[in-house]
Amino acid sequence: MLEILMSLTAAICWAFNGIAYRKGVKDVSAFTANFHRTLFATVYFLPLALRDFPGVVIDLQTALVLVISAMLSFYIGDLSYFASLKRSPVSIALPASSTYPVYVVLLSTVIYGAELSLNALISAILVFVAVYIIYGSGEKGETSGLFYALLAAFSWALAILTLDFLTDRLPVSIVAFVRLLLCLILLSFTAKKDELSTEIRLFFRSVRGIFLLLGIMLFITAIKVSSSWNVVQPSSTSPVFAAIFGAIFLKERISFRLVAGIFVIILAILLLLLPPLQ
């Protein structure tokens with residue numbers, strides 16, 4: 001129960017992150033905005049990492065998995081998602097990329113030998129359905145847009161599965177800080193140099209970093225307490241919360257699609273709390 005709540009709270013934090021982006025830093029590219037957000041989050045994580053670092057030993061295998069995890073999540077995954085958005089509308093890119101919980105549940109049986117839970121699998125599918133209900137509008141885009149969205153989902157799924165391995169060997173703060181630091185280095189090559197010195201509202205940059213820190217900390221802790229395939233579903237509901245917060249804070253229209261999507265998300269979360277289906 002606790003890990004489900006932590007994962008759900010992480011999704012809420014990431015949704016607020018999106019609202020902060022749309023409210024205060026949307027005048028720069030997504031790459032530069034992510035660079036600023038990651039920079040602040042890395043700085044925020046530094047004291048926690050320094051506190052937990054004494055006595056920590058990172059062997060070669062763990063270091064390699066850390067690098068792979070950061071590249072899959074923040075570089076290959078995010079870049080593929082942005083490539084998808086360039087080639088197809090949000091109504092295609094977002095639902096397709098939201099299939100990553102399904103991959104996590106299925107791949108966990110191969111990578112970790114986990115038992116396939118019907119509750120977890122159906123819950124993951126329901127999350128995808130909810131995102132599709134809200135954002136899917138039947139618009140058409142390039143086939144490559146769909147491919148990049150699915151590639152992003154697959155990359156994110158693999159990155160999430162590495163967290164089970166990493167949290168067994170390292171404190172949560174170290175895992176989060178090192179991954180963010182590696183991400184920051186990678187983003188420094190893709191952020192637009194002429195935008196790095198652009199005057200953006202400092203408040204919104206710092207707020208995005210705070211929400212990123214809270215979301216990552218809660219999600220990785222949830223994985224450490226349980227396992228990725230049991231907690232990934234609530235964390236992937238951030239697009240639904242983003243739509244809700246958009247209606248509340250940005251005065252966006254509340255549609256029947258949004259209400260229906262919320263109902264499906266509630267079913268998905270309840271399914272994780274029910275006894276296992278046979």
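Placed from the backbone N, Cα and C atoms, the Cβ positions cover glycine too.
With a threshold of 8 Å between CB atoms, the same-chain residues lying at least 6 positions outside the transmembrane segment (1-21) that come near it are 33, 37, 204, 207-208, 211-212, 214-216, 218-219, 221-223, 225-226, 230-242, 244-246, 249-250, 269, 272-273. Residues or ranges marked as transmembrane segment in Swiss-Prot: 1-21 (among others).
Per Swiss-Prot, the feature domain 'EamA 1' maps to 12-136.
Marked as transmembrane segment by Swiss-Prot: 30-50 (among others).
Summarising the annotation, Swiss-Prot assigns transmembrane segment to 56-76 (among others) and lists sequence analysis as the type of evidence. Tertiary proximity for the transmembrane segment (56-76) is limited to same-chain residues at least six positions away from its ends with a CB under 8 Å from its CB atoms, namely 38, 151-152, 155-156, 158-160, 162-163, 165-166, 169-171, 174-175, 178-180, 182-183, 186-187.
The transmembrane segment feature in Swiss-Prot is assigned to 92-112 (among others); the stated evidence is sequence analysis.
Look at Swiss-Prot and you will find 116-136 (among others) tagged as transmembrane segment, backed by sequence analysis.
Summarising the annotation, Swiss-Prot assigns transmembrane segment to 146-166 (among others).
Averaged across the domain 'EamA 2' (154-274), the predicted model reaches a pLDDT of 85. Taken from Swiss-Prot, the feature domain 'EamA 2' applies to 154-274.
Summarising the annotation, Swiss-Prot assigns transmembrane segment to 170-190 (among others) and lists sequence analysis as the type of evidence.
According to Swiss-Prot, the transmembrane segment annotation covers 209-229 (among others).
Among the features that Swiss-Prot reports, transmembrane segment is placed at 230-250 (among others).
Among the features that Swiss-Prot reports, transmembrane segment is placed at 258-278 (among others). Residues 1, 4, 8, 117-120, 122-124, 126-127, 129-131, 133-134, 230, 233-234, 237, 240, 243-244, 247 of the same chain lie 6 or more positions beyond the ends of the transmembrane segment (258-278) yet place their CB under 8 Å from a CB of it.
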Exercise. Taking residues 6+ outside the transmembrane segment (209-229), which of them lie with a CB under 8 Å of any CB in it?
Worked result: 2-4, 6-7, 9-11, 13-14, 16-17, 20, 36-41, 43-45, 104-105, 108, 112, 114, 117, 120, 160-161, 163-164, 167, 172-173, 175-176, 180, 235
Seminar exercise, completed: Beyond a gap of at least 6 residues from its ends, the CB atoms lying under 8 Å from the transmembrane segment (146-166) belong to 62, 65-66, 68-70, 72-73, 76-78, 80-81, 83-84, 87-88, 92-94, 96-101, 103-104, 107-108, 111-112, 175, 220, 223, 227-228, 232
Problem set entry | Stretch among 92-112, 116-136, 170-190 sharing the most Cβ pairs under 8 Å with the transmembrane segment (230-250) | 116-136
